[in-house]
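Enquirer: Dropping the structure in here first, questions after.
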């Protein structure tokens, strides 16, 4: 009433507004954006981009400046991907260099420059291959403190220094994550998948997350914990892409376009992790991307190549070749060997399924008990346990990448590794740089026992480590488990062939004195099998493996093991590790692989259900600004259907809560006469003006005039497919044009959880 009197006084003084301003005539800050933990409207975002593109195209015909603007707009995507590749490659190179140096720092220091790692410190040392690791420039901590490296006391001193550095690095990592960027922990791939599906998590791809994740990733890897940097590098690359998107209006103001860039960035992350541009693109396409148009495919490959070459330029000594684990096997594989390769696939599938179940169970214990309240203590205990057990065994003491490289290695005459511990007199029959058919020596048997213990330890500790509050990847630990199992089986097959040349199994293709079996190949196949069992990757994994090793001729064994591991793992559980963590954390993600085997209808899933209060709606005319604001304050819905009237319930459109709030607030500030008594109008024509009433507020411009609808008898499996393929955040349910209810993405997820006998209330963002 007071506002009405104010308007009448204004009218008497001759200042009553004569023009009704549409709040959308000028851009309103925040309009069309989304709140945190909401899902984007893919249809609206693509419509916005299509309208923007049409406007630029039409203007380009009017002037040269507009034509240049159109050209720059078309080129901006390629420029952005160039910047993403350069930035991600540079950061990955820095992470790689720092991680190698800090990992070696646990064992000693370089006298000619403390910033050199072991390899660089001994780069110019020209002694024999066997003595290469004992160059005088590199001193262990025991040598620096006691002056000698022989005896029990120096060993204990090195042991204690190893544990000290491991605890220091892990403490710094978890403390920085907890204090500055909680989103920097974990792998990041489950959250990236959820974000790419359209979910908003503010800050997850921000600058603080990038800075802290980069620093703590180096610390976590250097601490010796059973984790890798490859998965978190996908998160790092996506952070780079998200930050650089703000330089370009086209990507800054459109969430769907930004997700195209993030999809390409995921490919960049895998490319810098493994040096596998093609595999990185396939990984993004197969595993993480929700929307992946053809132009994104080419831009992803371009950015992945740029990132790989940038990494190589920054860290040219990281690997002497263009691939991470280059292999050069001298013996071809035979068809009979497909049996042990498939056996490795079965092992990988079993390990993957059991690992997922055990890790999820441990994470639930962490979340539901007091253990989750002490993340720093947990990390320090696990780091101390890992260092304590790892140091005595040379295969657990070395980093994951070094271990895999050692296991992939095919023994030559110059190798001093224990895995090449064959009797010296047998090497005289070797040809060239390779050893011929050979029996195992004492050193090899010692190495096999150490590998068996390393396998048990790696399988156990990785379950506990993955999911802690530090950056942690799963690619390298999974590959290490498979590579150990593969090497053990490979040596067993090698010795079986040596002692049974005349058996039916080997006769005809493995003659006496011939080098028939390659244990390194079995390690490579085992690594692929275990990684496939955990992640359920198929084509992208095979491509990554042959790019990783350069072993193009071994695609068939890799395919056989990878597909077998996936089939075995799927038989024990349909979810990969990332999907399992998505479900554990309650992220609103619709898995494309999950099938609906239920006969329910849309009316069974919608809100409200039968017997519930009627759906909260807005009417096309007749509601005031005050009534709309009161309705918004009394509910927590993210949007409201608009109907003709409360009586007819005929659907007109749909309006988002955020857009309503922003538009009303903007109108109150910028338009004269807009008060609580002003009528909110969603119709095309404004009602006749009344001298006693304040001016109306037209909001038709913020309303979605074509919301997606289904009938109440639409089967639920079709409804779920619609949500998946169109990326809907909500769908309205009608009967003969009359609004009955609404189905949101969360409603669909809760219904699917209920069908699978899971708790439907677990579908929320925690």
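Even glycines carry a Cβ here, placed using N, Cα and C.
TrEMBL does not curate its annotations; it predicts them automatically.
So TrEMBL has the following annotated:
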TRANSMEM  78-99  transmembrane segment
TRANSMEM  159-184  transmembrane segment
TRANSMEM  205-227  transmembrane segment
TRANSMEM  233-249  transmembrane segment
TRANSMEM  261-285  transmembrane segment
TRANSMEM  335-354  transmembrane segment
TRANSMEM  374-391  transmembrane segment
TRANSMEM  447-468  transmembrane segment
TRANSMEM  474-492  transmembrane segment
TRANSMEM  504-525  transmembrane segment
TRANSMEM  537-556  transmembrane segment
DOMAIN    606-670  domain 'CBS'
DOMAIN    703-760  domain 'CBS'
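Please situate the listed features within the shown structure.
Expert: Counting same-chain residues at least six beyond the ends of the transmembrane segment (78-99), those with a Cβ under 8 angstroms from any Cβ of the stretch are 214, 217-218, 221-222, 229, 233, 236-237, 240-241, 244-245, 247-248, 251, 261, 264-265, 268-269, 272-273, 299-300, 302-311, 313-315, 318.
Long-range contacts of the transmembrane segment (159-184) within its own chain (CB-CB distance under 8 A, at least 6 residues past either end) are made by residues 102, 105-107, 141-142, 191, 201, 203-204, 206, 208-209, 211-213, 215-216, 219-220, 222-225, 375-376, 379-380, 382-384, 386-388, 391, 397, 468-471.
Long-range neighbours of the transmembrane segment (261-285) within the same chain, counting only residues 6 or more positions beyond its ends whose Cβ lies under 8 Å from a Cβ of the stretch, are 77, 80-81, 84-85, 88-89, 92, 192, 195-196, 205, 229-231, 233-238, 240-242, 245, 251, 291-292, 296-297, 299-301, 303-305, 307-308, 311, 319, 322-324, 475, 537, 539-541, 543-545, 547-548.
For the transmembrane segment (335-354), the residues of the chain that approach it from at least six positions outside its boundaries are 459, 478, 481-482, 485-486, 489, 493, 505-506, 509, 517, 522, 525-526, 528-536, 556-557, 560-573, 576-577, judged by C-beta separation under 8 angstroms.
Under 8 Å from some Cβ of the transmembrane segment (374-391) lie the Cβ atoms of residues 159, 162-163, 166-167, 169-171, 173-175, 178, 223-226, 366, 397, 457, 461, 464-465, 468-470, all in the same chain and six or more residues away from its ends.
Packing against the transmembrane segment (447-468) from elsewhere in the chain are residues 174, 185-187, 225-227, 351, 355, 358-359, 362-363, 366, 375, 378-379, 382, 385-386, 389-390, 393-396, 403, 417-419, 421, 440, 474, 477-478, 480-481, 484-485, 487-488, 491, 577, 581: each is 6 or more residues past its ends and has a CB under 8 Å from a CB in it.
Within the chain, the transmembrane segment (474-492) has long-range Cβ neighbours (under 8 A, six or more residues past its boundaries) at 187, 226-231, 273-274, 340, 343-344, 347-348, 351-352, 355, 395, 400-401, 403-404, 407-408, 419, 440, 444, 448, 451-452, 454-455, 458-459, 462, 465-466, 517-531, 533-535, 577.
Mean pLDDT across the domain 'CBS' (606-670) comes to 90 in this model.
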Enquirer: State the non-local partners of the transmembrane segment (504-525) in its own chain: residues 6+ outside its ends, Cβ under 8 Å from one of its Cβ atoms.
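Expert: Distant contacts of the transmembrane segment (504-525): 325, 327, 329-331, 333-334, 336-337, 340-341, 344, 404, 407-410, 419, 429, 434-438, 482-484, 486-487, 489-491, 493-494, 496-497, 545, 549, 551, 554, 557-558, 561.
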Enquirer: Using a Cβ cut-off under 8 Å, which residues of the same chain at least 6 positions beyond either end of the transmembrane segment (205-227) come close to it?
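Expert: For the transmembrane segment (205-227), the sequence-distant neighbours (Cβ-Cβ under 8 Å, at least 6 residues beyond its ends) are 91, 94-95, 98-99, 102-103, 105-106, 162, 165-167, 169-170, 172-174, 176-177, 180-181, 183-184, 188, 195, 233, 235-236, 238-243, 262, 382-383, 386-387, 390, 397, 399-400, 458, 461-462, 465-466, 468, 470-474, 476-477.
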